[in-house]
2 protein chains.
Amino acid sequence: MTLTLVGLGLGAVEDITLRGLKAVQAADAVYLEIYTSALIDSNLQELEAFFGKRIVEADRICVEEHNEAILEEAREKNVVILVAGDPLSATTHCDICLRAIKNKVEVEVIHNASIINSVGRTGLQLYRFGEVVSIPLFEENWAPTSFYDKIVRNMQANMHTLCLLDIKVKERSIENLMAKRMVFEPPRYMTVNVAIEQIRQVDEKRREIAMSARAVGVARLGSKTAKIVAGTLEQLYKVDFGAPLHSLVICAPELHDIEEEYFRHYNYETCKSQCSESENI
Amino acid sequence: MTLTLVGLGLGAVEDITLRGLKAVQAADAVYLEIYTSALIDSNLQELEAFFGKRIVEADRICVEEHNEAILEEAREKNVVILVAGDPLSATTHCDICLRAIKNKVEVEVIHNASIINSVGRTGLQLYRFGEVVSIPLFEENWAPTSFYDKIVRNMQANMHTLCLLDIKVKERSIENLMAKRMVFEPPRYMTVNVAIEQIRQVDEKRREIAMSARAVGVARLGSKTAKIVAGTLEQLYKVDFGAPLHSLVICAPELHDIEEEYFRHYNYETCKSQCSESENI
């Protein structure tokens with residue numbers, strides 16, 4: 001029997017691959033991982049209806065702390081874990097694969113598109129991206145700035161930076177955590193606006209990323225309601241990107257010809273009027 | 001009518017997404033782009049049989065120089081260009097999208113997995129990769145070394161480097177090019193071994209990448225015959241990775257715990273005996 005991690009791709013049910021669909025159809029148990037990414041154009045009920053199977057939501061506690069249970073189940077059954085995007089883009093899933101290998105549970109991974117490669121949609125060339133950065137939601141008394149250093153380093157090397165924006169799903173407050181109460185906070189997805197605000201906050205002391213730096217804001221990439229807007233950080237701060245998921249690309253100081261053309265195509269100024277509409281490319 | 005770029009994913013026919021399949025089924029004309037990537041577990045005939053459609057091979061000349069013809073066709077018909085991996089990982093396809101937009105031809109892009117995100121399969125964490133590098137096949141009197149500089153820069157920043165290895169499909173010799181003869185050289189796909197040999201060649205003068213540096217060689221990733229071997233450059237040089245496509249990851253000097261475990265799992269020494277067998281994970 002096998003543990004299969006199936007990437008769901010960028011948004012809708014039909015972004016699954018035929019190979020992924022077959023794995024789901026052959027599965028005895030199907031989980032949906034919900035804390036490293038999120039479904040855009042679909043939801044649990046829609047997936048269940050589409051696949052004709054019951055699907056169990058798997059949160060961080062289930063996948064990280066109680067994964068022995070899933071591995072044990074995979075000894076006797078075909079178990080599928082559905083992951084939005086590509087399964088191995090998050091460390092957690094590399095970890096569970098490794099545990100499976102060690103425990104002699106057969107593992108299969110069915111890849112799919114993720115923001116890491118689909119960001120090519122912005123017209124910014126993938127080979128010009130430096131280190132990927134995760135921007136964490138600042139808390140009171142907790143505002144780490146390593147993401148800022150990495151963006152600066154990429155800019156100095158004339159490279160783009162893909163900033164993945166924080167997701168908080170099924171998080172517990174410190175009070176509930178202490179009291180071991182399974183009471184969860186509502187999910188929070190960082191917006192492009194909050195990301196820019198946090199960059200600005202760090203920049204007040206550091207002064208290395210000007211608000212006139214060029215960037216591309218991306219929302220719901222690959223879905224019918226995708227929105228891509230290019231502009232300065234200052235301009236993008238004013239744009240309403242709508243529902244999650246959002247990502248932000250900080251551009252290299254110099255753009256190549258094709259990149260410049262795309263930047264103009266997606267430009268804040270030129271698309272201000274039709275910005276609320278869907279963007280297919 | 002629409003021009004749709006459909007990513008085929010990593011290897012087999014069934015790696016296409018349901019959305020991609022629908023686009024092919026609705027297409028009046030289907031092209032298969034063959035010069036930025038290659039099919040691994042399938043071929044043109046298999047794709048034609050699977051889709052029940054005639055598929056025309058599109059080489060560099062067709063897509064780059066004669067793309068007006070394809071754009072013109074897309075005004076009146078639904079045209080699909082199939083691309084192995086993800087469509088927008090290659091500059092060429094960003095270019096054709098832009099031309100389509102300018103010519104008011106509707107464009108759609110259907111993303112899929114590519115080596116850029118699936119390299120997570122090695123256990124090396126995606127957020128620890130620096131700039132992607134392309135290693136060109138050295139010719140007599142032509143041996144550019146910018147890839148070497150980029151690898152060194154990534155290593156200095158303690159980051160991994162994904163090296164994409166050169167593909168030469170439907171290339172013409174200088175004689176045939178001068179004589180405008182459409183006679184093509186046999187396709188060439190750079191192997192991990194040739195890549196390491198070229199790094200070594202540059203290193204003879206530069207002395208910045210030791211042959212004891214750690215790396216992971218990857219062949220036919222995502223397919224049933226995938227092969228992943230971790231070791232020093234010196235060790236990997238001796239490994240037969242088999243049929244194309246190959247890629248090479250030069251590791252950051254320091255690996256994280258999970259990365260170390262994966263490195264051991266895929267290690268040259270431990271998998272020397274079963275190295276010829278298929279690796280599913």
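Placed from the backbone N, Cα and C atoms, the Cβ positions cover glycine too.
Bear in mind that TrEMBL entries carry predicted annotations, made automatically and left uncurated.
Residues or ranges marked as domain 'Tetrapyrrole methylase' by TrEMBL: B:2-236.
In this structure, B:Ser114 (S-adenosyl-L-methionine binding site) belongs to neither helix nor strand by DSSP; it is coil. Remark: B:Ser114 (S-adenosyl-L-methionine binding site) has B:Gly7, B:Gly9, B:Leu10, B:Gly85, B:Asp86, B:Ser89 as non-local neighbours, by Cβ distance under 8 Å and separation of at least 6 in sequence. Residues annotated as S-adenosyl-L-methionine binding site in TrEMBL: B:Leu10, B:Asp86, B:Ser114, B:Ile115, B:Leu165, B:Leu221, B:His246.
Cβ neighbour counts within 10 Å, taken over all protein chains shown, single out B:Leu10 as the most crowded of the binding-site residues B:Leu10, B:Ile115, B:Leu165, B:Leu221. Contacting chain A by the Cβ rule (under 8 Å between Cβ atoms), the binding-site residues B:Asp86, B:Leu165, B:His246 reduce to B:Asp86. Among the residues the record lists as binding S-adenosyl-L-methionine, namely B:Leu10, B:Asp86, B:Ser114, B:Ile115, B:Leu165, B:Leu221, B:His246, the two farthest apart have Cα atoms separated by 17 Å. As a whole-number mean, the pLDDT of the domain 'Tetrapyrrole methylase' (B:2-236) in this prediction is 92. The Cβ neighbour count for B:Asp86 (S-adenosyl-L-methionine binding site), using a 10 Å radius and every protein chain shown, is 33.
Around B:His246 (S-adenosyl-L-methionine binding site), the C-beta neighbours below 8 angstroms that are at least 6 residues distant in the chain are B:Leu165, B:Tyr189, B:Met190, B:Thr191, B:Val192, B:Ala195, B:Gly217, B:Val218, B:Ala219.
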